[in-house]
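Shown next, in structure tokens, is the structure this report addresses.
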Amino acid sequence: MYDFDRPRTARPDAAGTGVVAGSARLAPCDRHPRAPREGDVRIPAGCAIAAIMDRSGARHDGSDILRSIALMHDRSNGLGGGFAAYGIYPEYEELYAFHIMYESDEARRETEAYLDTYFMSEKQERIPTEPVASIKNPPDIWRYFAAPHPMRLAASGLDEAEYTMAHVFHINGKIDGAFVASSGKNMGAFKGVGYPEDIGAFYRICDYDAWAWTAHGRFPTNTPGWWGGAHPFTLLNWSVVHNGEISSYDANRRYVEQFGYDCELQTDTEVITYLFDLLSRRHGLSPELAAHIMTAPAWDEIDAMDAADAAFETALRTTYASALVNGPFSVILGSSEGLLAINDRLKLRALMAAEKGSMVYMASEQAAIELVCPDAENMRAIGGGEPFVVQLDSVVAAKAAADADAENDPHNAPLAHEVGVLPRRKEA
Amino acid sequence: MRDFRNPRYKVLRDREECIECDLCVRQCANEVHYRDKKTGALRADSMKCVNCQRCTLLCPTRALAITRWPQVDAGSAVWTEGAMDDITAQAQTGGVLLASMGNPKSYHIYWEHLLLNASQVTNPSIDPLREPMETRVVLGSRPSKLRVNERTRTVVSPLPPQLSCDVPVMFSAMSFGSVSLNTQKALALAARELGTYFNCGEGGLHRDLEPYADRAIVQVASGRFGVDPHYLNAGAAIEIKIGQGAKPGIGGHLPGEKINEEVSRTRMIPEGTDAISPAPHHDIYSIEDLRQLIFSLKEATGYAKPVAVKVAAVHNVAAIASGMARAGADIIVLDGFRGGTGAAPKRIRDNVGIPIELALAAVDERLRQEGIRSTVSLVASGTLRNAADVVRAVALGADAVSIGSAALIAMGCHQCGDCASGRCNWGIATQRADLVSRLAPEAAAERVVNLVSGWNREIQEMMGGMGINAIDSLRGNRLMLRGVGLNEKELEILGVKYAGE
């Protein structure tokens, strides 16, 4: 891990008070002892998920996704809901759009001072919200359109994404009362404690236009009541909504922590996001192959393959054995390329998909699709361990045109900001 | 010199049941049972009894039982009979006390303080009778990231050589000399049947075992017995034995009387000479020397075989294991201080080393802290007694385990701890032809196969209960464990939460 004051993964109760360090970011409350929040303990949760995407890249407001997730009201219990939207900030598409939740003014001041040091902010504003009766005590929610500070980025020796990720980890782990809800470009997450339809109204998602929307309604098994713990979980351009409880959690967590990811929230969604980030962004594998690794074919199937395929699959399964995700789950991954849905190998969670023209719909329940698109076509259940990929037409075209050979080549090229450094590298 | 020790055991013979068939007389290589020369009566010399239970189990009328010698001790919790016996034995011989099998002392067995998880409500358990339940493990080193060509579905740089085990259980190293050839044959047959590996130990690979060489791990220890290019290339993998849990820090000594023609041929040493394994490898005086040996062996085998390095679990084992991984070991084998042996100095066996549970947890965690755990495989051994122990070991971080004592017990061993005498009545730890012939390799292999198959079914049941359908998802998954009866430091080292947390 890059040493930006590595966040602690454990928060020992140093004072022996029974209150875990880090709790200052919770607004003061009279209950004592307070219930453990996300990150203090591991909280299993059931969920509803939904997604809508226009492959043509045309943007639609959030009204359909809101109705779709609202239909599945009974699959959540009012303790978490949220949305991720892609393409909502075209005027700032080159800048990182940080959505940050604050539980105190001190947290905001500290975070902004930190951001001022490491980023150059072009615009910062409070995210507009609408009062909703059922939404209690929302945090102060801001957004920042920012670029990495060029000199500090160059000095860090990291690429832009790694640099940004490290600072997001710092804010989440080290600044009490601040939580980065999303940190991608031209995308954002809108989430909080409440039913998803109320959260959507609170954030006025019907006033944003996006080419892809994902939504999440949460049924956690206890009551952390913390906005940062709601989903979608995001990192850089990734967003993940997830239904299920992965039994491989600790194996996956301890695997990704080797590579500097801090699983602060102890949630499945977080570790799945980090697995995608590791395999896809860092190791250069396609999101489909990353999903394939996470739901690898059984050895029996591999043994039945021809030798070349079996060798390929064996190498993947062997090298990435600890990236195998186990237990019931359905996941929708959002990225700048589009959406990817994946179910566990045994198909223990529902996830339906359908399409109409350039539109693609996914939801935990078929009714949630038919509600917003009554004449949807190709309605089907997404199979266990079979990545379902939806990409923007422009991405598909660009990939088809790219004649480059398809080897993954993670981070072997010199970083862009290193090229201008003196002395120049001599050509070999 | 008169022996001032009491017998440890007393032979009880039910005269009403005994039919005087003399089977016990013929079976006991220790000559406990005998016919009184004067009276012809069937009698027993309890002093010679090691409690191997051969006679009690074979007696057709179950007329025999062994009990503890009834002599009371002096009532001291300090000067127990056992403590005094050791002193007496040394007072009579002036020698180093020898012992066999694993550490019998009542140290904490951490396995028994780790409880397993199961799914309820939020997560369905998986029925292994209905759903696939994968227990295959692949052992070897691998890159932390793979270079692939997704379009052609090929790997750009091929994976280093790997071992593939259908069950997460292998057989520990037991050399020809310390155990009989029939014992090794049984393990070889069982390994083939189970899709796992046996380890020929440091005594070379007997020519009768060559048909099973694809299931053999061949060992290179400090004595280098039986090592030549043919041997190195014969097996599926090579293991460098630095140390052994039962006797960390010391070598071995197979007395000349055990070096018969077959042992001599297999070990490549003259008949009747003592086989001395030095305490250290005399070409490994530091970690960089280990690297040279690892790569010498890889060169000798064309980089086609994984090279494992086995060490005893000692105080600084985490740093040692990390060094081994960096020195090029493909598989790290950790042997805990309760691991068995054919012969070890008693003081070493009972006092040196640390428990495998703590060593395994510490090594797994250290390798993760250094970001290299996924590039190397970890095998744990030294008292894995049942399927739950295997599940615990994997959850603590092992890729696979090795069993020695458990496999021998399956064949008939009753842990009498008298292996060093060479009079094993079960035909296991002996080279006496009449005793060896008591162990039929096929029958013994069947018992071992049954044992490991039974364990594997239990492992599948426990994994299914946790909602896990591949052992990959159990490895290092310490949230599946909870401690009971452990202090905070123990929990910290094991990396587990307390039950109820």
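These residue numbers are counts, starting from 1, taken along the chain as shown.
Yeah, the Cβs are placed from backbone N, Cα and C, and that goes for glycine too.
Automated prediction, rather than curation, is the source of TrEMBL annotations.
Only residues 6 or more beyond the boundaries of the domain '4Fe-4S ferredoxin-type' (B:9-38), in the same chain, are considered here, and those with a CB under 8 A from a CB of the stretch are 44-46, 48-52, 54-55, 58-70, 418, 421, 423-425, 430, 432, 435. For B:9-38 (among others), the entry in TrEMBL reads domain '4Fe-4S ferredoxin-type'.
Other Cβ atoms within 10 Å of the Cβ of B:C18 ([4Fe-4S] cluster 1 binding site), summed over all protein chains shown, number 16. Marked as [4Fe-4S] cluster 1 binding site by TrEMBL: B:C18, B:C21, B:C24, B:C59.
Summarising the annotation, TrEMBL assigns [4Fe-4S] cluster 2 binding site to B:C28, B:C49, B:C52, B:C55. Non-local neighbourhood of B:C28 ([4Fe-4S] cluster 2 binding site): B:R54, B:C55, B:N425, each in the same chain, at least six residues away, with C-beta under 8 Å from its C-beta.
According to TrEMBL, the domain '4Fe-4S ferredoxin-type' annotation covers B:40-69 (among others). Mean model confidence of the domain '4Fe-4S ferredoxin-type' (B:40-69) amounts to 97 (pLDDT, 0 to 100 scale).
For the pair B:C52 ([4Fe-4S] cluster 2 binding site) and B:C18 ([4Fe-4S] cluster 1 binding site), the C-alpha distance works out to 19 angstrom. A Cα-Cα distance of 16 Å separates B:C59 ([4Fe-4S] cluster 1 binding site) from B:C49 ([4Fe-4S] cluster 2 binding site). With the fewest other C-beta atoms within 10 Å around its C-beta, B:C21 stands out among the binding-site residues B:C21, B:C24, B:C52, B:C55, B:C59. Residue counts for the domain '4Fe-4S ferredoxin-type' (B:9-38) under DSSP (helix as H, G, I; strand as E, B; rest coil) come to 5 helix, 8 strand, 17 coil. Spatially close to B:C49 ([4Fe-4S] cluster 2 binding site) yet at least six residues away along the chain are B:P7, B:R8, B:Y9, B:K10, B:V11, B:N30, B:V32, B:I66, judged by Cβ distances under 8 angstroms. Same-chain residues with CB within 8 A of the center of the B:C18, B:C21, B:C24, B:C59 CB atoms, the [4Fe-4S] cluster 1 site residues themselves not counted, are B:R13, B:I19, B:E20, B:D22, B:L23, B:H33, B:L42, B:C55, B:P60, B:T61, B:A63, B:L64.
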